[in-house]
Amino acid sequence: MLDANKLQQAVDQAYTQFHSLNGGQNADYIPFLANVPGQLAAVAIVTSDGNVYSAGDSDYRFALESISKVCTLALALEDVGPQAVQDKVGADPTGLPFNSVIALELHGGKPLSPLVNAGAIATTSLINAENTEQRWQRILHIQQQLAGEQVALSDEVNQSEQTTNFHNRAIAWLLYSAGYLYCDAMEACDVYTRQCSTLINTIELATLGATLAAGGVNPLTHKRVLQADNVPYILAEMMMEGLYGRSGDWAYRVGLPGKSGVGGGILAVVPGVMGIAAFSPPLDEEGNSVRGQKMVASVAKQLGYNVFKG
């Protein structure tokens with residue numbers, strides 16, 4: 001049994017130590033994100049048996065952004081299976097920025113990872129759907145099943161994203177021209193943009209992690225969301241590419257599958273045990289929350305979790 005006092009103490013200490021850490025800046029290329037108050041910070045644990053511990057602004061709702069890629073990858077694995085995802089999208093780190101097109105050019109137009117923009121757009125196109133709205137509703141539903149029913153699209157975030165997503169539209173057309181997109185290019189880009197524009201809070205984000213930690217069963221609803229056999233593929237991708245250019249450093253220092261988003265959220269999974277999540281808007285140059293990384297790493301270190309430890 002996990003010690004409840006120790007878990008609450010871990011989140012309290014992480015928050016106290018790092019919630020006002022200086023450094024980083026909000027994402028400024030998406031107008032909505034640029035205007036989120038930079039002083040906000042939160043950290044939370046949800047255990048695989050459904051206990052919740054949090055500190056800070058844990059009820060504040062922020063844009064899910066790239067963490068949504070984890071949810072869409074999970075749905076694609078359910079729909080088409082791990083082999084098809086690997087064959088049609090890939091399962092390798094790019095070593096390049098999350099929105100780079102260079103990796104596409106170097107590999108004949110094939111994306112390498114579902115957790116960078118090109119691969120995520122391709123993954124969105126793999127979802128079984130007869131039309132745009134069905135594709136979107138299925139992705140929203142998997143987000144809600146994994147994290148909580150309150151997860152919903154923000155029209156304000158979506159509008160802010162849709163009017164600035166020219167680079168992603170270009171990526172979609174490159175994928176389409178190379179034969180690695182499996183629906184209309186602009187449909188894929190539209191739905192991908194929507195999936196990034198949902199709002200979540202830190203406890204719900206930790207619940208998403210706890211659902212993965214529990215082998216695909218949401219510990220708060222007790223409902224199976226994913227096949228247990230598909231979860232290791234998700235965690236492997238998170239370990240390889242979840243924090244973009246910081247992924248290797250994260251694996252080296254923290255040793256947990258993780259995923260960040262430019263909305264300021266960051267998630268880590270302790271398989272079989274818990275999800276750890278944090279939120280704070282200022283980002284490092286790779287697009288990861290400066291305070292969030294520190295808070296999640298602090299919780300993991302205090303509790304002694306690292307998947308590479310014996």
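Glycine residues also receive a Cβ, built from the backbone N, Cα and C atoms like all the rest.
Taken verbatim from Swiss-Prot:
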{"type": "BINDING", "residues": "S66, N117, E161, N168, Y192, Y244, V262", "note": "substrate binding site"}
{"type": "MOD_RES", "residues": "K294", "note": "N6-acetyllysine"}
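Recorded features from Swiss-Prot, shown on the structure.
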residue: S66; record: substrate binding site; DSSP class: helix
residue: N117; record: substrate binding site; DSSP class: helix
residue: E161; record: substrate binding site; DSSP class: helix
residue: N168; record: substrate binding site; DSSP class: helix
residue: Y192; record: substrate binding site; DSSP class: helix
residue: Y244; record: substrate binding site; DSSP class: helix
residue: V262; record: substrate binding site; DSSP class: coil
residue: K294; record: N6-acetyllysine; DSSP class: helix
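Around E161 (substrate binding site), the C-beta neighbours below 8 angstroms that are at least 6 residues distant in the chain are I30, F32, T193, C196, S197. When the record's substrate-binding residues S66, N117, E161, N168, Y192, Y244, V262 are compared pairwise by CA position, the greatest distance found is 20 Å.
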